[in-house]
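Trainee: Pulled the feature table from TrEMBL, pasting it below:
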- 29-48: transmembrane segment (TRANSMEM)
- 82-262: domain 'ABC transmembrane type-1' (DOMAIN)
- 90-117: transmembrane segment (TRANSMEM)
- 124-142: transmembrane segment (TRANSMEM)
- 148-167: transmembrane segment (TRANSMEM)
- 213-231: transmembrane segment (TRANSMEM)
- 243-265: transmembrane segment (TRANSMEM)
Amino acid sequence: MNPSNVSSDVKKYQSGPFIHKWLPRRPHFFFILSWLFPLLLFFVWEYASRAGWIAAELLPAPSKVLSTAIDLIQSGALQRDLLVSLSRAVAGWSIGASIGFLLGLTVGFSALAGALLDRTIQMMRAIPFLAMLPLVIVWVGVGEEQKIFMVALGVTFPVYINTTLGIRQLDPRLLELARVQKLGHFETIRRIVFPAALPSILTGVRYSLATAWLALVIAETVGASSGIGFLAVDAREFLQTDIIVLTIVIYAVIGMSADAIARALERHLLAWHPNYAPGARR
């Protein structure tokens, strides 16, 4: 086999799949393309509702959901419940991410800590949120503590796992480099270990943001008097499907926005990394 032909084929592959050669290479093309199917779905949904193919009491039209959102915004109810849910999510995420990061550092650096803690943490991670909810209510009641506790519990595990994984997958040659450079323990962590583990840690942060909202949805369905989850439960009691659909859309938008912020943070903190450099294919 001719080496020049192999090199040529590799370059072609690295430049992108052959099937995509016909697509325009413009920065915003794929962004616009990614919204094409959701917009088409909403158009079909609206048309089917107006044509009477979908019963309004089962699934209201997008225009009805939008009208309901405007009414709730004008009354101030939506902003109030949204702010309450956001404050719970931020508080729970901050606590859970801190605990997960510290546990990940401890287990990642210490085989003894891993033997003592990891199996217990993995067993707790396997317990569904709904199974934990009754016990959490017994522990802390149904107030704000319960909501924040559930969010913190859900956030802890993805941050812990990815922090531990990032440290344990460290290239031994980097540690050898630290020894050659005669770096101290703290300097080795700051200049070698932490930067190498950062991509995995930030992946855990992204997963934890999604888990935070999942835990909050469950927590706000019990004993809540405010929040987006309460808004959905209250609407269910009165069969207000337009409000129920609105809360689902809100959760989706918030989750997507949080992920976009996390990805922007990734690009900023990992600008030095070849996989996150501008123009890198991920």
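Backbone N, Cα and C atoms are what each Cβ position is placed from, and that goes for glycine too.
Describe the structural surroundings of these features, if you would.
Mentor: Long-range neighbours of the transmembrane segment (29-48) within the same chain, counting only residues 6 or more positions beyond its ends whose Cβ lies under 8 Å from a Cβ of the stretch, are 23, 54, 59, 61-63.
Outside the transmembrane segment (124-142), and at least 6 residues removed from its termini, the chain residues within Cβ reach (under 8 Å) are 149-150, 153-154, 157, 161, 214-215, 218-219, 222-224.
Sequence-remote contacts of a segment are chain residues at least 6 beyond its ends whose Cβ falls under 8 Å from one of its Cβ atoms, and for the transmembrane segment (148-167) they are 88-89, 91-93, 95-97, 99-101, 103-105, 107-109, 114, 118, 121, 124-125, 129, 132-133, 136, 139-140, 193, 196-201, 203-205, 207-208, 211-212, 214-216, 218-219.
Within the chain, the transmembrane segment (243-265) has long-range Cβ neighbours (under 8 A, six or more residues past its boundaries) at 59-60, 65, 68-69, 72, 82, 86, 202, 205-206, 209-210, 213, 217, 228-229, 231-232, 234-236.
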Trainee: Six or more residues beyond either end and a Cβ under 8 Å away: which residues meet both conditions relative to the transmembrane segment (90-117)?
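Mentor: Distal contacts: 147-164, 166-168, 197, 201, 204-205, 208-209, 212, 215-216.
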